[in-house]
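If you check Swiss-Prot, you get these features:
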- G602, P603, N604, M605, S606, G607, K608, S609: ATP binding site (BINDING)
- 796-807: compositional bias 'Polar residues' (COMPBIAS)
- 788-807: region 'Disordered' (REGION)
Amino acid sequence: MATEKISPGMQQYLDIKKDYQDAFLLFRMGDFYELFYEDAVNAAQILEIALTSRNKNSENPIPMAGVPYHSAQQYIDVLIESGYKVAIAEQMEDPKQAVGVVKREVVQVITPGTVVDSSKPVGENNFLVALDRQEQAYGLAYMDLATGEFQVTSLADFDQACGEIRNLRAREVVVGYCLSEDEQQILSKQMNLLLSEVEEAMEDVQLLGDELSSLEKQTAGKLLAYVFQTQMRELSHLKKVHHYEIKDFLQMDYATKTSLDLTENARTGKKHGSLFWLMDETKTAMGGRLLRSWIQHPLIDKGRIIKRQDVVQVFLDYFFERSDLADSLKGVYDIERLVSRVSFGKTNPKDLLQLASTLSHVPQIRSILETIESPALESLVARLDAIPELENLISSAIDPDAPQVITEGNIIRTGFDETLDQYRLVMREGTSWIADIEAKEREASGITNLKIDYNKKDGYYFHVTNSQLGNVPSHFFRKATLKNSERFGTEELARIEGEMLEAREKSANLEYEIFMRIREEVGKYIQRLQALAQTLATVDVLQSFAVVAESQHLVRPSFTSSRSLQIKKGRHAVVEKVMGAQSYIPNSIELDQETDIQLITGPNMSGKSTYMRQLAMIVIMAQMGSYVPAEVASLPIFDAIFTRIGAADDLVSGQSTFMVEMMEANRAIRQASERSLILFDELGRGTATYDGMALAQAIIEYIHDRTKAKTLFATHYHELTDLSSSLTRLENVHVATLEKDGQVTFLHKIEAGPADKSYGIHVAKIAGLPTDLLRRADAILTDLENQEKREASLPASRTDSQKVSEQMSLFVEETENPVLTELRDLDIYNMTPLEVMAAVAELKKKL
């Protein structure tokens, strides 16, 4: 980009752009934000706006594009959604009073992680994450600038950090220099995150406190430094950082949350068909965000769970009060985001009126809860701070019909400020005086169509057509000449106009000053408002739980101190709601102290996966504090859920379905405890039959003997059902079918014992495959079944591993193959059987 022979204004642009090379620079020029050079070319394509040029007649015209100032936010949103940063350079002085080039400065850098005013649904958070490392430990901090939420934790490894970032649905990560190049590549390329670097951590005792580890303080400090670097203002709404531990909640990795459709349907990416969709009867944006958080972070503290259940029980018992409560909550606006607008200095009269309206509903909400007189509600009632003095200030000061733009006037109520009322009186009387002058001069001059008009250039003037110019009084003086008329003024009119303009200017300045004082006063209540927002959100979520419990016929679960689990006629509430209660077949499940594993067999499409997901959903709902879909539910409190349900190739990272299966299985058996829940669906199908069966058996044995977690293991390897004879804590169950006259009906009912058939050909028939193809498949199946009767396909016991060994021997026959080097390097004495088998399976692919 050439800098010679350019205007002072363009030199100013280049000087500013030099410091913001990684962002689109929106350069304020009058009523437009202009972009130049490469920014203009790229923005024109992304935003679909016209690309023009500056100095069109020069040899090297400068590419230029612009967006109107008043509608800039929608264009900024598009750039942010596309993954870019946007730097806003504002005019720092009135162009009319500027000497030379108008002073301009960047006042804010908006990024995917710091955007506040956007089209993002108000029921969702927008988290900015920071990630750093000290030795082998990782620090992770996150913040939502729109709500002020600020959290930090320490993590054991990079995989765990990536999982937490995925759970937060972050789009931008502030990284420290301690992260390796490979780690940064994974974040930016595989996870498609915008990475932003910060050199020094910020030290803020008020926000960071002195209770964090050095790693956590460093990570949270870098996040703060980045936020203040980009926002360039005081952010009084930021909450003091809260330290949390992953282990304080029911642990679920991103794959588990995705496969269980917790907050969105994995297939459609939409809310419909998710647990959040089922549970969301909230009335406020704050409640919606809190519900989403509770779904993703179920509790493991029995006391906290029961406290939530107690409130839900109260709301179920008091239907009419709950209905009144819901109606009152509908009048509650998004306090958290209103507070952030105060902190950002972006509050308009509408925001303050919404805040006052919300505060006016709090006494009613409190009264409803007090009427119930339940100990379960006492702590919530105590935290419902209506802040009446703030509501009175706003209600008495802000006009209900005030415009959103604070410089347009008519913001402050009449009667709030005596001086302002005097200015307004002068303006009103001036209008009356002008009408009197018009009538007086019309009568004196005899000009019947004489009238007084106004425009910004000429001010107030008498409008006289050319045909009446001969009747113009001598005390009129000419102000402007037009084609068919002329404009005149008088000393009296000029005096009245001067008084009115002075009053209007002083009124506008005073109104702005009063509004700023009120906004500053509101800022003093930020912490109390945030505490109120949290309480209202909690009340909202718990009343939502009660509404769903009633409409979906849920029951209150109990929790045992043992590891036994009993669910009578359990249901998958989301599936039930989608398909209708009349069509859904409930299933019971019992895993007592002596049973850890259920091996599930049965036809494809018969309901094995739904049965497994049903248990996970009931556990999650119970530990959220919600009621659950069953007739009776007695559960232990689980510390983690691990799943492998469904298979989708990870094409981005180049990992096969089988490799993903093995990684998820490894995570489960390594991290699960006796108080965990494992759900494995058709594990091993991503590789050859014998490999898959061997791995499945080894995994089952490992869980049975060492992990001892409660496990549902669905398999198409019917030979594995023989394991019940040697594994005492394993039981077989199957999905029942009805076969009559060659027709098969899936009953979707779980029964004891193994299945005897897979009915895969019947599923193919349902899918509509050609009849002759199905006949051929049936014939082949008959031949294979006859052959199977003559062969054993499963080791009789865990000590008889000859067949598995024979299958594995295929990998070592080619002695000259370079894969042998990798095989020799395997540290098998420090690997689990599963890791050995997975590694060998990967080596097999290289042969």
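Just so you know, glycine gets a Cβ as well, placed from its N, Cα and C.
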Largest tally of Cβ atoms lying within 10 Å of a Cβ, found at which of the binding-site residues N604, S606, S609: S606
Position of peak Cβ density within 10 Å, selected from the binding-site residues G602, P603: G602
For the ATP site built from G602, P603, N604, M605, S606, G607, K608, S609, further residues of that chain with CB within 8 A of the site's CB center: V735, F746
Cβ atoms near M605 (ATP binding site) (within 10 Å, other residues, all chains): 16
